[in-house]
Structure formats: C-alpha cells, structure tokens
Amino acid sequence: MRYLFALRSRMTEVRQKTDFLRKEMEFSVNEVSSSEFPVIRRGVLKLRGQSGQECQVETPGCFFHTHFGSIPHLTPDDLQYVKDSLSCIPLNMTLSTASVFADALAGYEKSVGAFVGYPSSVVYMSLHDPLVPLKPAMNEKATIGIWNRTGKKKLTPEQFMDMQDKLKPDSVQIMCDMDTEMEGSSNQRLTKSYDSSLRWLDRCLELMKDRSSHYPVLATVGGGSDPWRRKNFCLEAANRKVDGFVIDGFGSGWIAKWKEWEVTGSSLFGPHEALIRESIRSLPKDKPRFIHAPLSPTAVVQLVRMGVDVFDTSYPAALADRGQALIRTGDFCFEVWTMSEKGYFDDLTSLSTRCGCYTCEKYTRAYIHHLIACEEINAGVLLMIHNLNEYLKFFRDIRKSMDEGKFHLWMPQAEAGRQQADRD
Amino acid sequence: TSADKFTIIEGCSVSKARTGLLQLSHYVIETPMFMPVGTKGCMKGVLPEQLEELDVQIILGNTYHLGLKPGPELLRKAGGLHKFMNWKRGMLTDSGGFQMVSLLKLTEITEEGVQFESPYSSSNPSTASKGRKKWKSSTGTEKAPGSPRADGEAVVPSKDLMMLTPEKSMEIQNAIGADIMMQLDDVVSSTTTGPRVEEAMDRSIRWLKRCGKAHSRADEQFLFPIVQGGLNMTLRERSVSGILEDEYTGYAIGGLSGGEAKNDFWKVVDASTTLLPKSKPRYVMGVGYAEDLVVCCALGADMFDCVFPTRTARFGCALVDAGQLNLRLKQYASDHTPIDPTCKCLTCQRYTRSYLHHIVTDIPTAARLMSIHNIAYQMNLMRRIRNSLRVNRFPEFVTQFMQNRYGDKEIPSWITDALTSVGIVLTRDTQAVSSDSIDSQSDRKKRSADGEETGEQ
Ligand SMILES: [Zn+2]
Ligand SMILES: [Zn+2]
C-alpha cells in the first residue's frame, strides 16, 4: 500500500556526448508514496570537485551555509568537533558575497574552495545568502542585481557566466528573477519575472555549451505567487538540461514571512504551502530539489514530506548569531534557548545534557551566558559548534527513520516541538 | 619553597638574557614567555585548544572585568576561571587597579584603596543605590551593606563611588584562581614626576604587605610584587629593597609602557632586573612589540603581556618579522601568498593575504584567523629567543632579528644603546647569521634536552 514508486537514475549517463567536460553530479533517489504521506524520498547526491575530490550527500541532507566563503563563526579546524565530515557536506557559497573576490581569483591557481580555506570541499554556488535580506527592485530586463558591500552589481547572463568562470565552483544555481512581491505583484511584473528567468536560463545553458567551463547547474523554480505560472515554470525548466532545482521565488521577504507564519503557528508556510506542493509535483522525480533558507527542524520535516531533498545550515548559524541554542529535548522535539536570559547566569550544567558535542562537553550554560553578556565572539563559536551538531544529527535521524520505515513518527511530535519552541 | 619554582636552563654568555622553566600550579612554562591577554574569561576569537596548538603556555585575565562579570561568587562556584573557561595551562591575573585608572573616572586614591566611579551608576540608574554597598555582583542583585572594613570588603561612601582595596583585589583573584596574582599597586602615569611618584611607590609596598596578608591560597597561587618608582632610579631601588623584605616566586616591573621615552623605558627595565634577584623570574608589564620583547629579554626579563598583538589582529594588522601588514590595504587584494610563508599557523597554512583582505572587515571569522596568526607570531618569536639561548647564540639572533626588522633603515638608537649596555653591539657589517641555522641547531639541542627533562615535567 505504501510502496508505489521507486526510481533510480544516473544523470551523467543520459547526458549528451558533447557534455563530456561537464563535471559530474549524480543523484539516486528512492521515492515512496503512500496514502498517508505524499512522498518519502531518500537518496544520495554525488558531487565531484575540480581536484577530483568526491562528495556524497545523503538526502534529505544539507550543505554548509557560508558567508564570504566561511562557515559563520568557525575556523576550518573547528570542524573536527562536527561529526559529519567535509566529504559528505559541500560548501554552499553565495554569489552575492563571493562576487567580491571573483577578480582576485584570476591569478589564483587552486580552487575557490581552497581560497576560502576548505581545499577538500566541493563548492556549490547559489545566488543569495539566505541570512541577508534580499534587497528589492534590483532586477532589470537584461540583468539581475547582486548586492554586496560595494553596492549593487548588475549582471547579464554573459557577465554571470564570466563571474562563474572566475570563481570556478563545482556546481551553479543559474541566475533568475526572483524579485517579485509576496503578494500584489502585477500580472505584468509576474510575466516579466517568468520570461526573464526562462530566457536567462536558456542563455546560460547556451553560453556554457560555447565555453570550456561546464558546471552541473540548478534551475530556480520561480513564478511568484501565481500557481499557474509556477507549475508552467517547473514544466519548462524540467524540459531543459539541468541537474536539479532550487525552490524559491516566493517574493522578497519570504524567509521572514515564513518565520512569522511558523511562530504564529497557523500554517507553516502560509499560502506558500500550496505553491510548494504544486511546484514539486511538476518536477521530475529523479532530480534533487534544493531550498535555501534558515529552516527550523519543524519546517524541514514538512518540506521533506513535500519532497525537498537538500537544505543548508543557515538555521544553526542564524541561531548562533542571535545567541541562541538549538536544544533537542526529546527524540522528536526541539527548543530554542536564548542564552542571554538571566536564568542561565549561574547554571553550571552543560548546554544540552543529551548532545555530547565539544561545547556541551567542555562548557556550561553559565559560561555561554557570560560570553554573550561580554559580547565575546566566542559565544557564537561555541553555539555554532553545538547548533551544527544538533542540526546535522537531526538530518541523520530523519534519514535513519526513513531507512527504518519510521519517518511518520516525526509528524505529531514535531508539531509538539514547534509549540514548545513557540513558548520560548 | 618558592625558590625552586624557577629553574634557569641557560644564560646568555654576553647579555643578561636567560631561558628557564617556571613551575606553576597548572603548567610548567618556558621563559622567556609572552602571555596573550584574554580579558574577560576567553581569548577573543581563539578557542583554548587552538591556544594550546599555538604553544600558548600562560594567558592573562583581567581582574577588574572578571570581578564585574561573571563576578567572584560565580567563579568560586564554578571552581575557578580555569574550569569555567576550559583552560588547562598557566594563568595570570592583574590586580584590577590599572583598569580602574585607565577605564574609569578615577576619583581618588587613598591609603585604603582605589576609589572610582561605579561603571553602573551613570549609564544604568536602576543599579545605582543609595548608601554604602559592596562590590556589585553581575547578577544585578545587591548585597546588604556590610560592615565597612573589618571583613576587607570594598565599601563606597556615596552612591556613585566604589573602592578597590588590596584585600578586595586578593579576594577576587583568589576566586579566579590564577596561577599568578598581581599585587594591587598605586598606579601613576609613567610620565608623572615629583612627590606623587614617591608616594605611589611607598604606598605600593604597604599595599603589597596587605595583599600578602589577605591572600588565602598562597600554596596554589603565587603573588607577584610590582616594582614601582617611575623613571627615578633611586625610587626604583627603594621599591625593590622594600619588596625584597619578603620572598616571592617572581617579580613584576610596573609603571612602564605608558608613553615614556624609549630611552627611559629600557633604562628602568635594565636597572630593575639588575636589582632583582637573579634566581627569580621578572615580568615586564605591558610589553608586546617584537623589538621591545627582544631588547627586554637581553636586559634579563622573562615574562611579558600586551593586548597589542590580538587587538591589532582584529583591526586587520598581521605581525611579521619585518613589521606589520595592514591587510585592509588594496595592495593585498590579489596577493596570493600567505601572511608569512614560514609560519605554521592555521591561517598561514590555509589562507592567502588576498582572502584575508576581502573578509577582514566583514566577518568575525576574520578576527579569529588574524588573532591566531598574531599569537602564533608572538609564540614563535619567544621560541626563537629561547632556542637561541639554549645554544648560546642569542647575540647572533638579536643581530639577525634587528637586521630583518629594520632592513636598510637605521636601527633606533635606544635599541642599539640598550643592547650595547649588555654587550650586544649591532653593527651594519655584522656577518649575517641565518636565523634558520640557529633555529635548527637549537631544535636539535632542545630535543635532547627535552628527552632528559621528561621525567621532571
Ligand atoms: Zn552540544
Ligand atoms: Zn601564521
């Protein structure tokens, strides 16, 4: 009854011969549907870096969110305290911050991963940093705008590909027009966004053919808040030679809005829930679906249930930025603790009694409270190490529950966890 | 008992420099040694394990800051600062007096102690209270006003004033539990002259005796006296003889690095090390520039501290033998070399000047990476000094170091004067000695020495 559909594919095999230079990105996935659950997808995404390094991402899984190429708060040696190794977590760099050093990389012999301190990592270049609010009104007919500290940088598809050629990542999210309003964008605006995104996608794919550089590419599934456009966009994108999809384009400020919806508890993704479902239903099952946002465990579980495969670690980073700890309080329950709260002042117990990470083993809640009170950056370091461990273990546990046929157990408890988190 | 804590392994046959081992409660530190400053119970941006990796053997904590946050009560409850901050090696705390003079509006220094304006009263009226009160704990809870002086607690005569007494300083430092504690001294600016200098020097000796009396953990924590007396050699002499009435494990030379002329600075260091017993470590407070460290070692100093290396790191300045690199400058935008190709620190092993240039003002990780390199630089410098002493090639090291640092520029006269006074004569045509060869020779010697010493450590 539960087992309806299983699928396995090797994307590299079906590619045209002209693509022999393309670096590989393989995805194999088992998708199971049932009457209770729309989909349960369990897969492995293989990526290969320029220096031949391989990266196997178990899905549902996540990439390392980075800011200017660094994992926020951490130095590379801190990863010894993170259980999952670099060989199973690619670096997700963002063009908006990486663009500042694109020119400098011209004379650099090693990979962009080496440049940012992670020579053995496979690098995926997405467009925007999910922790930096998207500035509005930045895209024009022929160009997208990338914001960095020097201001707005306009990129045509040619310039976009030039910049990727300088940065040389191992896979790329193709530029798209995501700058619609959450609600109330005119039909004209939505049409423009739709047309530009498709046109740019085609142009970038065309440009890649003519150039020596080839990247596995992800198309961004946009279409604003209009279900018809979204569905069509998915169908169009699915017809192109892309290796996966990024679900985005809900309008500027969607990440903040999601957070608000999650806290008020009405519906996790508000009116976007139907949009996501529609999008995903129209996507080919054998290609990975990405989402770039700081998502709580509750939101992740919901999206996994809808068929999203790849996330990022911006959520633990966002919590660490704010002096907050992600605490697992039960097998399926999480809470978010704000460590600056007075009650932690003289609490000499370890951060989480169930975690056992470096932070939990060596420090106390009182010490982290002290570091926050003194505005020491070490607070972010210790919280990030803990939050990352907690978040990555959460993904491991999701996969394990799938492998054991117990994924359904996440549902009611996750809801309870959400309500508990709200109280904090 | 304090006599056998410090062992001199090798002395320079020319200058007053020496290398030795100082046995502390938590760790045996090699001297000469630089102590990075971890003001508020952590080294900004560097984890304790990273400090160990960099060969940091002793760090400094600030009693004034730690007394306010998290406060002595919690530190006692946590089992001391070592445990609280996950640091296993040596630690030294200052008395808190210097911070009061430099950070707060100092109102008065009396025989009782240092009186200052409460850091809470003006900015945070809710914590100001009327009448006398004790040192405030950072929980925000006020303790009942106690009897003024019988218990040694600091008391304040009005709502905005607090007082740090020698007894209070000892109480907080005992709660912190550092291996080395500093006496509370009467600090005057190093450029002050006249009777105030003498008063401060005499009072510092009286406060030293009060500190010794109030010190409750003498077997675990060593109390270091501070030689005062400004730039006046007679006063320095009197200060030392007052201090030497009792025996201590080590001695600090204070009242310097406050804007005095370099010529005065080295002469005071020189005079003080000569007056102090040869068998005890000497700590010159507030010294951290590479050339100052090298000169002070030649003058017989053993321990140093300074916020400069870590503070300048956070502003994008990397330390190298030739001086400093300001990585914010455009010239480093496409410089794909490490800060220092010979440096083995994480930052130099993994990153180029170019990447650091691009992130240095944007992300906290940059501050971490820069601090790691600058601490590595300080530690390497001290190790090179120790290694050259072990093979009795310290004068050659100094010559080579100054040549690297100043290149074709003229070496400042205070440096040549100071070094000449201890027999190291820098001349332009000195045969260039590769510091590499000194390092490798001493490494060989060190390895064999380490083999012999394993049992002892
Ligand atoms: Zn933990
Ligand atoms: Zn270095």
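Yeah, the Cβs are placed from backbone N, Cα and C, and that goes for glycine too.
Small disclaimer: the values here were computed from a predicted structure and weren't measured.
Binding of Zn(2+) is attributed by TrEMBL to A:Cys355, A:Cys357, A:Cys360, and within the candidate set A:His292, A:His386, A:His408 the record adds A:His386 to that site. Taking Cβ-Cβ distances under 8 Å and a sequence gap of 6 or more within the same chain, the neighbours of A:Cys355 (Zn(2+) binding site) are A:Arg328, A:His386, A:Asn389, A:Glu390. Around A:Cys357 (Zn(2+) binding site), the same-chain residues at least 6 positions away in sequence with a Cβ under 8 Å from its Cβ are A:Tyr81, A:Lys83, A:Ile385, A:His386, A:Asn389, A:Glu390. Secondary structure from DSSP puts A:Cys360 (Zn(2+) binding site) in a helix. DSSP assigns A:His386 (Zn(2+) binding site) to a helix in the three-state reduction. There are 28 other Cβ atoms within 10 Å of the Cβ belonging to A:His386 (Zn(2+) binding site). If you take the C-beta of A:Cys360 (Zn(2+) binding site) and look for same-chain residues 6 or more apart in sequence within under 8 angstroms, you find A:Ser350, A:Leu351, A:Ser352, A:Thr353, A:His386.
Averaged across the domain 'tRNA-guanine(15) transglycosylase-like' (A:41-413), pLDDT in this predicted model comes to 90. The DSSP secondary structure for A:Cys355 (Zn(2+) binding site) is coil.
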